[in-house]
């Protein structure tokens, strides 16, 4: 996992900028350099014919790194990322900008779902997209074809967006006050779960072509998400996919996760998805209004 491997160092390119961004949150020794194994580095736990490398406090394995060393590296990386995320969140709040982080495996239909969402939302308020991929700007071009501005972040070898990248991309977007910002993360059900970008919610998109047990195989992502969009439901008649089992698996990992069945092609669930966006946006704005009123009362008490 990239909280210990430093896979993206120096690889990121934000479209329109003429230099690459090194990630200061990845400045640490690479675990794949051969060195004597520390005493703490235990062999993987075995259960019958299976090997479990995700045991121990770090819940990960890297040759030559102890569990305590891996934990320190992870805390350093995520601590720096969280500071950038807090800065992003403050900027989003100042703009009354509602931000969603869309996460999924490759091929889940994120971009098709997003373009259809944009078309249905219309121009009632400002919209923008930050696109994350290892290479190309194909998805950003699809978004721009809808008339909505998009900034492409190419992560190179990196397998996720981080808050520092998003902060740079946000600086390239204008006139978003009171609007919606969608962040389409790199297709990956592992690493994006750990990285807060400053968003209001993570939305996990799972297509019915992937298998209903994905929430159990990749629990961190579904635990981090507030909503699961079960996508490509128009294909269900052609697949052996147990919808109820999938939802049960997701709620085993995260009892509070909401689930909406959607299809960009047939339109199923799109109204419910848009209503969820409006409801969550309204809840967040009302919470900010309440906080501002409380601040105003505190100031009035000083008069």
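Glycine is no exception: its Cβ is also placed from the backbone N, Cα and C atoms.
Database features, via Swiss-Prot:
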{"type": "BINDING", "residues": "2, 5, 7", "note": "Ni(2+) 1 binding site"}
{"type": "BINDING", "residues": "159, 160, 191", "note": "Ni(2+) 2 binding site"}
{"type": "BINDING", "residues": "159, 160, 191", "note": "Zn(2+) binding site"}
{"type": "COMPBIAS", "residues": "19-29", "note": "compositional bias 'Basic residues'"}
{"type": "COMPBIAS", "residues": "36-49", "note": "compositional bias 'Low complexity'"}
{"type": "REGION", "residues": "18-63", "note": "region 'Disordered'"}
{"type": "REGION", "residues": "99-260", "note": "region 'G-domain'"}
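Cβ contacts within 10 Å of residue 160 (Ni(2+) 2 binding site), excluding its own Cβ and spanning all protein chains shown: 24.
Residue 191 (Ni(2+) 2 binding site) is surrounded by 23 other CB atoms, counting those within 10 A of its CB over all protein chains shown. The local packing around residue 159 (Ni(2+) 2 binding site), expressed as other Cβ atoms within 10 Å of its Cβ over all shown chains, amounts to 20. Secondary structure at residue 159 (Ni(2+) 2 binding site), as computed by DSSP, is coil.
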